[in-house]
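Written below as structure tokens is the structure these notes are about.
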There are 2 protein chains.
Amino acid sequence: MHIQVIFRVIGLMIMVFSLTLIPPILVSLIYSDGALQAFLYAFVINLVGGAVVWFPFRNFRGDLKIRDGFLITVLFWSVLGLFGSVPFVLTTDPELTFTDSLFESVSALTTTGATILTHIDSLPESILFYRQWLQWLGGMGIIVLAVAIMPMLGVGGMQLYRAETPGPVKDSKLTPRIAETAKALWYIYATLTAVCTLGYWAAGMTFFDALCHSFSTVAIGGFSTHDASIGYFDSVLIEAICTLFMLISALNFGLHFYAWRHKSVWHYFKDSEAQFFFFLLFSTITMASIVLAITSTYDWATSIRYAIFESVSIATTAGFGTSDFSVWPHFLPFLLIVTSFAGGCASSTGGGMKVIRILLILKQGFREIQRLVHPNAVIPVKVGGKAIEERVVSAVWGFFSAYLLVYVMLMIGLMATGIDQVTAWSAVAATLNNLGPGLGEVAANFASINDPSKWMLCFAMLLGRLEVFTLLVLFTPMFWQR
Amino acid sequence: MHIQVIFRVIGLMIMVFSLTLIPPILVSLIYSDGALQAFLYAFVINLVGGAVVWFPFRNFRGDLKIRDGFLITVLFWSVLGLFGSVPFVLTTDPELTFTDSLFESVSALTTTGATILTHIDSLPESILFYRQWLQWLGGMGIIVLAVAIMPMLGVGGMQLYRAETPGPVKDSKLTPRIAETAKALWYIYATLTAVCTLGYWAAGMTFFDALCHSFSTVAIGGFSTHDASIGYFDSVLIEAICTLFMLISALNFGLHFYAWRHKSVWHYFKDSEAQFFFFLLFSTITMASIVLAITSTYDWATSIRYAIFESVSIATTAGFGTSDFSVWPHFLPFLLIVTSFAGGCASSTGGGMKVIRILLILKQGFREIQRLVHPNAVIPVKVGGKAIEERVVSAVWGFFSAYLLVYVMLMIGLMATGIDQVTAWSAVAATLNNLGPGLGEVAANFASINDPSKWMLCFAMLLGRLEVFTLLVLFTPMFWQR
Ligand SMILES: [K+]
Ligand SMILES: [K+]
């Protein structure tokens, strides 16, 4: 472990992060919304805070190894979550506790989109902008993490992507090609955002709303500048644009990278994960449409409209809303939240366990049945015609069981504070899957939840975003030995 | 497939099963309880029904293969479930629908112990006896299934027990040593029942109650002759006896077999699964005692007494009750039901996923963490000092994911009929884990559940008892090919 080098990196990271407060400062200046002071103070605090961490270690150099990668990744999200909360702590409108500020900041950076705020429409523009902006930055971080770092760390079977995606490969040094990869991904991500913004704007949003919503759409974050979320606009066109960009952002960015570099689109159709993702979505939408229509919840056209939007929004783990779940047959919201466990594709801004893992698990479940019928046959698990290494498969299993174990423990933790079972169930799903909204008490927001639960849910958001193991491994003595 | 031979076997099985109606007939004669006619008719119906199935195929012989084993196993439980329901259909006190009769019969034979009956205390003695007796027979079937048949079929990693337990090994013929093994297990099972009966009787139960409750204790069935279950007796001694025999019956009967043959007890203490089982129980009991006491639900002594009994009763999946959960802090019943997912040890009469599988899953989860820290090390998964084959491990994973998938699908199915989430959650847990009682609407009994849900729950009980895959495999075209 190179603790000093890590401190230097984290200090630098915080200083760079303080620069991200400049755009909300400009927004506050433009709108004269009264939040300027909070952001200016926050800027100084973060810059100085970063410098204090960096200064004592500024001369330490050294190559970072894989094990350092775990620590840096965890520190990146937790430390930035902490510093990201400073403007929320300082602002007087809204007046927020430290716990609520941290919750909002972690929720934004992990692109979860669970909020403790109420009456969002009346908040200062710079605060609204900042939440969306944090999601966008978080989304960018997730892409780099997923494409460049996770395959190297090999968390939860993600070594699967080592050979196929760009990024530093097969050696144990955490250095060269990350920067190059990150730059290409940044172009793709920024381009998607720009196009999405223009789309929303052309479809009738104000430019401010268009920009803010494109941030949270491309990041699959789900924050909005309105309490009614996308439903505020009541526009089929805006919903269609949102749906399209949620889908694009929930695909593996490795595919976008390939499209960018090779000017090709056909590989999207050949990708097993993408195929399975659309199959799952199509099944969910069909089922939801039929159920909404035959139960006369809405007419057919409205049923299909809402079914498409809500299914995509929840299955991709974006968490935008257009309609009121409380009038739906109550097993549908349950079913939709179950789909968020699959979530987006690997290396996307989506949450959940990732479609590729569910696909691998189902394939192996099917193999077990084959083995029962043909006990002596050797049957490999294949994805896209390629046999998957036993090691990747077992890493995926490990991930799956750790995910569920953590899920149940968090649920028990929440219930121990007195929260009812349905709320606890959906609150943990909403945070661990980086989804956002839940059911029961947390259907609209997390304001009424007690503080210990908010801390547990912050932890859940980080666990989800860090693919569980990246964070869990730090709690083992083994990690810290030698 | 040897369909004709299988029909012959099933026909014989039904005829033999009709003989099991003789004890309830005797009970009805002794108590003159008015149910005699129902049992006599049922006897004739089952005997004739079995003969009708058997007669056309009486001359077909042939060795049965592994694949036939799946079909026979599934038919054994489903067909006997059907024929076992005949007395419930015919009796006029209680007056039961076919669905309810089938539910009660399947619940008894699978030793689930979920009931659709209310006001149990006032039922005819022969009906009461018959329910307990069916559980006892079911328990016997489960032991033979688990010790002699499952290891051979290799369902869910149970080939793990091929070498270690008696039974027909390593060749693909379903014949010789099953009878021998079954006989030894029968002695053990009958001895346990006899000792348990004497214990209950000496502790103050009537002989009838003692016998009936020993049936459902040793079978980990959980049926009682009283609405208040074991709580009816309000006796610490009876609870202690019940706890002891639930624990014994939840251990691997392979251990009892070894004890029987080698006159040894030390091997119990060296068994990894048993160690982990007691570790889980001890943790649950400690936690439940402390929570009950510090929340002033009961005084300390009562807290410990109820915590021990309820933890053992639910973790072993027996499902007996002594206290009213509704006054408990509501996360405790949730936690207890979560423990029923682990359930009993493999090759016991307990339900759930079985302790050994949970142990293997945790060990492999731990190995994944080790692999993250030491990416190049080769780390085997060991139980009791012996490395477990990769094939067994992946079969356990397959089992785990199939179990959870089935769980979620059944839950969605129940909710689609209008059942609330907590009731659906606990009803599926109660049946798939072969536990018995649930929470919400099904805390006391399943009488108020709609008929389609009762059918789904019957299916869940069979799935749980047949280790999911044994039943699922029949729904694949692959199974029926060639
Ligand atoms: K989200
Ligand atoms: K039971």
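Quick reminder: no glycine exception, Cβ is built from N, Cα and C everywhere.
Annotation comment: TrEMBL describes A:12-32 (among others) as transmembrane segment.
Feature annotation from TrEMBL assigns transmembrane segment to A:38-57 (among others).
Counting residues 6+ beyond its ends, the transmembrane segment (A:69-90) has Cβ neighbours under 8 Å at 1, 6, 9-10, 13-14, 17-18, 21, 24, 35, 37-39, 41-42, 45-46, 49-50, 96, 98, 100-102, 104-106, 108-110, 127, 130, 134, 141, 145, 149, 152-153, 174, 458, 462, 465-466, 470-471, 473-474, 479 in the same chain. The transmembrane segment annotation in TrEMBL covers A:69-90 (among others).
Within 10 Å of the C-beta of A:Thr111 (K(+) binding site) there are 35 other C-beta atoms, taking all protein chains into account. Taken from TrEMBL, the feature K(+) binding site applies to A:Thr111, A:Thr112, A:Ile220, A:Gly221, A:Thr317, A:Ala318, A:Asn434, A:Leu435.
According to TrEMBL, the transmembrane segment annotation covers A:133-153 (among others).
Remote same-chain partners of the transmembrane segment (A:184-203), defined as residues 6 or more beyond its termini with a Cβ less than 8 Å from a stretch Cβ, comprise 136, 139-140, 143-144, 147, 166, 209-211, 213-215, 217-218, 235, 237-238, 241-242, 245, 248-249, 253, 256-257, 260-261. The feature transmembrane segment is assigned by TrEMBL to A:184-203 (among others).
Taken from TrEMBL, the feature transmembrane segment covers A:236-255 (among others).
With a threshold of 8 Å between CB atoms, the same-chain residues lying at least 6 positions outside the transmembrane segment (A:276-295) that come near it are 250-251, 302-304, 306-308, 310-312, 315, 328-329, 332, 335-336, 339, 342, 344-345, 355, 358-359. For A:276-295 (among others), the entry in TrEMBL reads transmembrane segment.
As annotated by TrEMBL, transmembrane segment applies to A:331-353 (among others). Residues 111-112, 139, 142-143, 146-147, 150, 158, 160-161, 165, 218-221, 249-254, 273-274, 277, 280, 284, 287-288, 291-292, 310-311, 314-318, 325, 399-400, 403, 426, 429-430, 433-435, 438-439, 464-465 of the same chain lie 6+ residues outside the transmembrane segment (A:331-353) yet bring a C-beta within less than 8 angstroms of a C-beta in it.
Taken from TrEMBL, the feature transmembrane segment covers A:392-416 (among others).
Residues or ranges marked as transmembrane segment in TrEMBL: A:454-480 (among others).
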Next item on the list: For the transmembrane segment (A:392-416), find every same-chain residue at least 6 residues outside the stretch whose CB is under 8 Å from a CB in it, and list them.
Entry: 154-160, 353, 357, 360-361, 364, 381, 423-425, 427-429, 432, 453, 456-457, 459-460, 463, 467-469, 472
Next item on the list: Based on DSSP, name the secondary structure state of A:Ile220 (K(+) binding site): helix, strand or coil.
Entry: coil
Notebook entry, point to check: Among the binding-site residues listed here, A:Ile220, A:Ala318, A:Leu435, which has the most company in the form of other Cβ atoms within 10 Å of its Cβ?
Noted result: A:Ala318
Margin query: Other than A:Thr111, A:Thr112, A:Ile220, A:Gly221, A:Thr317, A:Ala318, A:Asn434, A:Leu435 themselves, what residues in this chain have Cβ atoms within 8 Å of the centroid of the K(+) site's Cβ atoms?
Written below: A:Thr110, A:Gly113, A:Ala219, A:Gly222, A:Thr316, A:Gly319, A:Thr349, A:Gly350, A:Gly351, A:Asn433, A:Gly436
